[in-house]
């Protein structure tokens with residue numbers, strides 16, 4: 001089984017963290033928690049409203065607080081927001097308290113998946129593609145820095161991605177529990 005207290009899903013928006021995370025949590029008997037949803041419940045406002053009323057910096061504070069509290073627990077599958085890894089403290093906490101799965105998705109696939117999504121404050125601009133490329137350039141090395149396992153999700157359905165992760169996680173966890 002997972003040698004870490006939690007399983008943590010990281011990756012850009014549109015990678016499938018929440019959808020695949022729910023499926024994995026059910027498969028492994030973990031409690032699924034979406035950090036963005038936890039923020040909404042704690043603050044009592046939607047993510048777009050938090051960005052509009054208080055700005056991204058305040059949202060990131062809420063995100064760090066929620067992530068810290070969730071990762072203090074065990075037996076959780078924690079689905080992070082795409083920008084959670086921007087904070088060095090978040091990256092450290094994620095590594096310390098979770099086995100980290102990085103779901104990678106290309107910008108063209110993100111554009112397709114997020115075409116009708118109006119709940120992403122950072123994408124409410126006409127230059128969505130440029131914004132996503134900029135985010136990828138900044139964030140991809142940070143995702144790679146903390147990832148224990150990476151899965152490319154561009155051409156996978158949620159069911160296919162989940163099936164691949166179940167096999168890869170089981171193999172990884174077996175290897176980590178085998179005496180040297």
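Each Cβ is built from the backbone N, Cα and C atoms, and glycine gets one as well.
The annotation ATP binding site is assigned in Swiss-Prot to 14, 15, 16, 17, 18, 19, 120 on the grounds of sequence analysis. Residue environment of residue 14 (ATP binding site) contains 23 other Cβ atoms, counted within 10 Å of its Cβ in all protein chains.
Residues or ranges marked as Mg(2+) binding site by Swiss-Prot on the basis of sequence analysis: 18. All protein chains considered, the CB of residue 18 (ATP binding site) has 19 other CB atoms within 10 Å.
In the three-state DSSP classification, residue 139 (substrate binding site) falls within a helix. As annotated by Swiss-Prot, substrate binding site applies to 36, 60, 82, 139, with the evidence given as sequence analysis.
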Within 8 Å of the Cβ centroid of the substrate site residues 36, 60, 82, 139, which other residues of the same chain have their Cβ?
13, 63, 80, 81, 83, 84, 85, 86
Binding-site residues compared (17, 60, 139) - highest count of Cβ atoms within 10 Å
17
Taking each of the binding-site residues 15, 19 in turn and counting other Cβ atoms within 10 Å of its Cβ, which one has the fewest?
19
